[in-house]
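Asker: Okay, here's the structure, questions in a sec.
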Amino acid sequence: MDILLGSLLIQALNAIQYGLLLFLIASGLTLIFGVMGVINIAHGSFYMMGAYFAFTITGLTGNFFVAVLLGAILSVIIGALLEWALFKHLYKRDHLEQVLLSYGLILIFEELRSIFVGDEVHSIDVPAWLNFSIPLGDIMSYPFYRLFMSGVCVLVAIGMYILINRTRIGSMIRAGATNSGMAEVLGVNISMVNRLVFSLGVGLAAFAGMINAPASAVAPGMGMEVLIVSFVVVVIGGIGSVWGALFAAMVIAFADTFGSVFFPSVAGMLTYIIMAMVLLWRPEGIFKR
Amino acid sequence: MRRKFSLRLLAATALTFTSVGAYAADDVKVGLMLPYSGTFAELGQNITNGFKLAIDQKGGKIAGRTIEYVELDDESAPAKANENANKLIRRDNVDVLVGTVHSGVALTMARVAKNTGALMIIPNAGANELTGALCSPNIFRASFSNWQAGYAVGALMAQKHKTAVSLAWNYAAGDEQTAGFKEAFEAGGGKVLKHLSLPFPNTEFQPLLTEIATLQPDAVYAFVAGAAQVKLTKDYEASGLKDKIPLYGAFLTEGTLEAQGSSAQGMLTALHYADGLDNPKNQAFIEAYKKAHGETPDVFAVQGYDSAQLFIAGLEAVNGDTSKKEDMIRAMENAKLDSPRGPLSFSKSHNPVMNMYIREARGDQNVMVGIAVEALADPSPDCKR
């Protein structure tokens, strides 16, 4: 195969994989905002929490998949508890107070991580049966785990689609997102929907952290890194829109991937340039509701 | 009863003040402005441990004067650096300001030191500017400059390869280390085919690795730090590039070997220290450090230790009389230190002149296998004084 064409194809694969991961993180963020109107800047901390669950539980059980399962359950429970203890008091407050509270959470999560796991950089081995590469061209091979990650992300996205569009709970979520007051009058238990959506959002972020941990490192501050770009994704996609999140995540991932190769000097700004242009064109995001 | 109590309290308070007053006259105050929380907390602690070890080995007294420490957590927050540095210099009247890890914080500290004339020793931060444009008679660095770290790797790679691709975070430290690398690699007859960069602190390396596979250089130079080191070497191995196009760096395997696992094994790096470096001073240092802290010292502990050694050299030269600042500075400038990293002296800009070692990652150690550059001095072209 022509080496340039081959590398473009692999780059596209890289971008799709990165985009899917971004989508998982951003969809939780956008759901929470869309349904509850809460700006939660601690979302990156949930991502970090997932990675640390995966690291700790894999260390204890020796099995990454047990860790992902247990970690997901734990994260959803923690999400529900946080909603009950903190976030439900914020729905009627203004965004500044929401930002303040969730910023406090970031600090608390970092400190808890420091106390329980420490400040070192860790990593998780890719499960043995997934740990191989597919040769592509003469020199490059593509790590199979990345394809696996993409596959899992697609499955989760399909699951979310079914949950939101084809189930009773989903119709309540959609009703809550469109007009929570009206939905409540019609007999939807909004506080239950809120708790569910919040837990789901936390679970999605944590799941992304867990599934990405073997391909990445488990380290202090890792939440901040994804937080900023997932906010950009939400802003571009349109707040509250899951499809917008998917579309924007792919735009950002392709821009980032090809930008860092073809325009390395502006790659860092490219994401923000796109965001600025989208905001000029459609101030409420591409998929505004 | 009440009255008696207040009298006692008054007396106690008076006594406290007298004793504080007495201390201030007799002790030499060392201001340790280092990260004791956050991502760099461990580095700050190891620098502190190294510093105190050198003082303790002298019985806690230099030239008859007891060393007292004022420790301040700089939180690696540049916004707080000005206030913190001023606090130590003006309120606590420290005789030397020691700090820090984060270059942004260190730059502010250096500006304060330059303005106040306070003696400052930098135990880690690598920004070229610290001993470049900002250089000042009262500012010393006991660690390395980014240029030095990159230059050493370039010299090492030029011994073995003709073409290379460089990869670094697109920020000051990345730019400075890459510039040093390029200078040495091209001076040694090599050619840099392309520079790949990514925004700090992004870790999405996959596109860059694909580009490396397309360009097919003889070798790759990389600068990223911390968690990104782990991710880069793992991704590099998973892409099948590790055995075909060797990857080099300065700090690339420093402190993260365990997390890097097989992906870093056999990797060559160039730095001013190597684990278990075979010289008598280092063996003694390792033993003493292990005894005091129960763990093997790292490069940061060495830098802390040397910061103290440098200060001791100055203090002993003036017999503990800190008012003779110019004599102290002259003695520190001319100091020939026996460092765990080997012979250590200082350039005109007060940056370390030291051997840069070639290290190979074996197990959990970066073992010395040779010397990349002997007695490397940063030319510090921007230092005008």
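Any Cβ shown, glycine's included, is placed from N, Cα and C.
The transmembrane segment annotation in TrEMBL covers A:20-42, A:62-87, A:144-164, A:196-215, A:227-255, A:261-281.
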Asker: Using a cut-off of under 8 Å between C-beta atoms, tell me which stretch among A:20-42, A:62-87, A:196-215, A:227-255, A:261-281 contacts the transmembrane segment (A:144-164) the most.
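Answerer: Selected stretch: A:20-42, with the most Cβ pairs under 8 Å.
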Asker: Under 8 angstroms, Cβ to Cβ: which one of A:196-215, A:227-255, A:261-281 has the largest number of such pairs with the transmembrane segment (A:20-42)?
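Answerer: Between the candidates A:196-215, A:227-255, A:261-281, the best contact partner of the transmembrane segment (A:20-42) is A:227-255.
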Asker: Do any residues, 6 or more residues outside the transmembrane segment (A:62-87), come within under 8 Å Cβ-to-Cβ of it, and if so which ones?
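Answerer: Hits for the transmembrane segment (A:62-87): 36, 38, 40, 46, 49-50, 53-54, 56, 101, 105, 124-125, 127, 194-195, 198-203, 205-207, 210-211, 214.
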